[in-house]
Amino acid sequence: MQTLKVDLGERSYPIHIGEGLLDQPELLVPHIAGRQVAIISNETVAPLYLERLTRSLGQFSVISVVLPDGEAYKNWETLQLIFDGLLTARHDRRTTIIALGGGVIGDMAGFAAACYQRGVDFIQIPTTLLSQVDSSVGGKTGINHPLGKNMVGAFYQPNVVLIDTTSLNTLPSRELSAGLAEVIKYGLICDEPFLTWLEENVDRLRALDQQALTYAIERSCAAKAAVVGADERESGVRATLNLGHTFGHAIETHMGYGVWLHGEAVAAGTVMALEMSARLGWITSQERDRGIRLFQRAGLPVIPPEEMSEADFLEHMAIDKKVIDGRLRLVLLRRMGEAVVTDDYPKEVLQATLGADYRALAQLKG
């Protein structure tokens with residue numbers, strides 16, 4: 001087992017990474033203050049792991065709330081089901097909420113923990129690659145609004161993150177690829193040697209090689225933990241973690257939440273960010289193509305939806321958390337391995353990026 005630390009002073013917490021950790025309650029018990037525990041899961045994950053986790057926490061009074069699965073349910077109505085379960089069971093301020101599932105479950109359970117009786121303890125047990133390398137670390141919680149993704153939420157850090165890598169053995173290949181989008185992101189924004197490693201090992205990752213997966217998760221979490229420790233509330237460097245997300249969130253919102261998986265939209269959105277970086281002369285076309293090839297090898301889309309117009313993108317991108325005083329800030333690559341957040345770009349370059357021929361770019365060879 002590997003243990004990393006998110007350094008936030010008195011609110012610091014560990015990230016445990018390894019095989020079979022669901023069967024090691026001693027990793028969770030020190031982070032549960034009261035006797036009440038509420039496990040939040042979904043209809044896909046609960047049949048696989050809920051009974052096992054409940055059994056390992058036998059010394060506590062445990063309830064579970066099983067939600068419908070999917071991004072389409074990341075809303076107020078589903079959030080209320082969590083509160084209904086907590087209140088019906090008379091859970092008090094010393095309860096601990098455990099998120100058992102992917103990014104949607106983690107975001108909603110964390111938001112519920114932030115809100116319930118003005119804040120209760122919270123534990124993340126992510127079961128998808130995307131949630132293990134990204135959303136479970138850093139304290140971003142929330143729900144979607146029909147007009148914009150993740151526009152309602154709170155920063156609320158967990159007590160501990162428990163990553164059992166064997167949970168990926170039951171993950172569908174499409175979900176695994178979606179998680180790889182966030183892994184690749186770390187190589188692009190802050191760790192070019194890791195990007196090279198990913199190019200050499202992406203096939204092992206897709207084949208669920210445990211050694212390769214564990215290494216990729218550790219390296220991704222270490223990068224995320226370092227950024228969060230330096231900028232918890234995204235006032236500076238943390239925003240670079242959103243490479244591809246402004247374009248990607250526009251895709252998710254326009255197409256309908258859940259039609260494109262988050263990682264799929266991030267992949268296509270990152271290709272758009274690479275294209276814009278190349279048009280600005282910050283990276284070469286060969287470096288742009290390097291990123292495109294890796295996304296393709298990871299089984300991810302690199303072409304945005306053809307039914308989305310430039311106007312569609314601009315409409316959705318105007319409702320983005322990085323918009324400040326009406327100026328759209330974008331995360332772009334100054335060079336491979338170095339991302340910047342900027343609103344200093346010619347409008348015509350953004351328009352050209354939105355109108356680029358991504359189908360032609362997707363045909364590149366080599």
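Any Cβ shown, glycine's included, is placed from N, Cα and C.
Residues or ranges marked as NAD(+) binding site by Swiss-Prot: 69-74, 103-107, 127-128, Lys140, Lys149. Here Thr128 (NAD(+) binding site) comes close to Gly101, Gly102, Gly103, Ser167, Leu168, Leu171, Glu175, Ala178, Gly179: these same-chain residues lie at least six apart in sequence, with C-beta atoms under 8 angstroms from its C-beta.
Feature annotation from Swiss-Prot assigns Zn(2+) binding site to Glu182, His245, His262; the stated evidence is sequence analysis. Taking the Cβ of His245 (Zn(2+) binding site) as centre and 10 Å as the limit, one finds 26 other Cβ atoms among all the protein chains shown. Secondary structure at His245 (Zn(2+) binding site), as computed by DSSP, is helix.
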Residue from Glu182, His245, His262 whose C-alpha is spatially nearest that of Asp107 (NAD(+) binding site), among the binding-site residues: His262
Lowest local Cβ density (other Cβ within 10 Å) among binding-site residues: Lys149, His262: Lys149
Euclidean distance between Cα atoms of Lys149 (NAD(+) binding site) and His262 (Zn(2+) binding site), Å: 10
Under 8 Å by Cβ from Glu71 (NAD(+) binding site), same chain, sequence gap 6 or more: Val104, Asn144, Glu252, Tyr257, Gly258, Leu261, His262
Which of Asp69, Asp107, all binding-site residues, has a Cβ with the fewest other Cβ atoms inside 10 Å: Asp69
Surrounding CB atoms that lie within 10 Å of the CB of Glu182 (Zn(2+) binding site), all protein chains: 27
